[in-house]
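**Student:** Sharing the feature lines straight out of Swiss-Prot:
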type	residues	note
BINDING	G169, R170, S171, S196, I237	NADP(+) binding site
Amino acid sequence: MPDASDADLLDGQALSQAVRDEVKADIQAWTDDHRPPFLSAVLVGDNPASKAYVRGKEKDAAEVGIETETHHLDADTSQSELLDLVHDLNADASVDGILVQLPLPDHVDERTVIDAVDPSKDVDGFHPENLGRLMRGTPRYIPATPYGIMEMLSRSDIDPESMDAVIVGRSNIVGKPLANLLLRRTANATVTVCHSRTKDLAAHTRRADLLVAAAGQAAFIDADMVKEDAVVIDVGINRVDDPSTDRGYRLVGDVDFEGVRPKARRITPVPGGVGLMTRAMLLKNTLKAARLRATSA
């Protein structure tokens, strides 16, 4: 656990544990009258990061009382075979949530697969219907990483109202949905989304009261790009070579943590920050899926 010297850290370990404890209590109450929530994960290939992430999700689910199954398919599985599995899971009344682990192999079109998932079982929140609901302000499932960031801010008493929020990265998984959440009347931030074609990126990041780095580039945001006393959220998780470690690499974020930390009011570490909150919010979405399916049955 962080000590007093880590007061600036947004501790994903402690915050995600609090979420898991709440979900566990909710599931214990739910299962008095219902079966446990059931999550089916689909993993294609042997990407080490994807395999580790799925194992982490399985561990989290077991901790809170969610039952899981993982369909691990060969890397050369055809798109049609993958779609057949997704359709089978859609039709299976015992499955509450479906998670297709990304990225998929190059020969599979991710958008086609995501669109094939039953939106009522799309606990990742990536289906166009669920993204549209989010944009309209009536979300069913919020994508887990933006959801986790908002939960982290809330539980850390960081109110984004009137903040200049700058998001570096415009993906459908993080940047765009997070911008939408920060623009809602419950958040009231002023939002700028930057990307690879943004002119003078540092001019934007230097004015950010809330800076979210989701560019997928190791240590991309340095101290010169950060405003004094900013809140810095690092979504990135990148492997960099490090012969001094047993694994030969270490994990770093999109932010130069050691350089930026002295300037930041609050900052997330990598690992131990946003990634843990992402996993925790997936559990909340899965429980919600079980509740929605029970009420619609």
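Any Cβ shown, glycine's included, is placed from N, Cα and C.
Map these features onto the structure and tell me what's around them.
**Tutor:** R170 (NADP(+) binding site) carries neither a helix nor a strand DSSP state and counts as coil.
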**Student:** Within the chain of I237 (NADP(+) binding site), which residues six or more apart in sequence place their C-beta under 8 angstroms from its C-beta?
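**Tutor:** For I237 (NADP(+) binding site), the qualifying residues are A49, L251, V252, G253, V270, P271, G275.
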**Student:** Per DSSP, to which secondary structure element type does I237 (NADP(+) binding site) belong, with helix, strand and coil as the options?
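**Tutor:** SS state of I237 (NADP(+) binding site) = coil.
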**Student:** By Cβ count within 10 Å, point out the most packed of the binding-site residues listed: S171, S196.
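**Tutor:** When each Cβ's neighbours within 10 Å are tallied, S171 leads.
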**Student:** Using DSSP and collapsing to three states, where does S196 (NADP(+) binding site) fall: helix, strand or coil?
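**Tutor:** SS state of S196 (NADP(+) binding site) = coil.
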**Student:** Widest Cα span across the NADP(+) binders G169, R170, S171, S196, I237, in Å?
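**Tutor:** Overall maximum Cα spacing for these binding residues reaches 18 Å.
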